[in-house]
Amino acid sequence: MKFQSIALLGLVSVVSAENMALQMTRRDATEDEKKMTTQDEVLGEVEHYDLEVLVEGRRELFPLLPGVQCPTGHTCRVRNSPTGITPMMGSLKNNLKAPLAMSLNWGEFNNNMNTVVVSDNFCTRRSAMAKAAGLAAGLSVAAVSQPAYAAETKEVLMGTDSGGLKFVPEKTTVCKGDSVKWINNKGGPHNVVFDEDAIPKGVDQEKISMDEQLGEEGDTFVMKFDEPGSYDFYCEPHRGAGMNGLLTVV
């Protein structure tokens, strides 16, 4: 069971890039093409594969996300599922062992997998993918529904490796509820101060800005962002040198 949970998490992570590419292609299509693509995926017109893996000498099947081709050098089987049920859900039902299969909330799992396939919003897909993986690993619906469950933390360096006075990267995009960790790299001291005239309305500028400066390399400052919008920030000691950054919360 432990191996299956880990394998599922790995597969979900590996195929996420392919799924994002599929979504990006869809954005370039016309509206009619978008509708046709979404309908085809839901109705099972896109091929779905199970990846064959040897587990302790036994052949096990692990589902790949819809539209993802069989990895080179591996053996896969095409699968079909009843209307309204995602192929991944059908495959897991056939392969997961009790008691996990009995305790898993299949309805919630199926809803999240459908969201992964049809949603055009990156943050929505990421959240649904994380929830589905958590449910398959044995977590409860209540646990995976917590706002912080699917949240991530992105890192921004303060100063380049060569000592340049820049944030790296200068532009960062996160999902609502994510955090950003600023790391003092080179050329300090540094800090993070948000422009009160260039942040979402209602956000407390003093609350999200640093009170002090980071002097030691490796020192960090972490802040969580719940309000969507654009946030302009700068390093107070080096603002005149152009050490500015932009955070976008979607």
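Positions of Cβ are set from backbone N, Cα and C atoms, glycine also.
Here is what TrEMBL records for this protein:
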type: BINDING; residues: His190, Cys235, His238, Met243; note: Cu cation binding site
type: DOMAIN; residues: 155-249; note: domain 'Blue (type 1) copper'
type: SIGNAL; residues: 1-17; note: signal peptide
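Recorded features from TrEMBL, shown on the structure.
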residue	record	CB count, 10 Å
His190	Cu cation binding site	26
Cys235	Cu cation binding site	28
His238	Cu cation binding site	20
Met243	Cu cation binding site	21
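In the three-state DSSP assignment, the secondary structure recorded for Cys235 (Cu cation binding site) is coil. The secondary structure of His190 (Cu cation binding site), as reduced to three states from DSSP, is extended strand. Residue counts for the domain 'Blue (type 1) copper' (155-249) by DSSP state, with H, G and I taken as helix and E and B as strand, are 10 helix, 37 strand, 48 coil.
Other residues of the chain with a Cβ within 8 Å of the Cβ centroid of His190, Cys235, His238, Met243, the Cu cation site, are Met158, Gly159, Leu165, Phe167, Gly187, Asn191, Tyr234, Glu236, Pro237, Arg239, Ala241. Over the domain 'Blue (type 1) copper' (155-249) the predicted model carries a mean pLDDT of 97.
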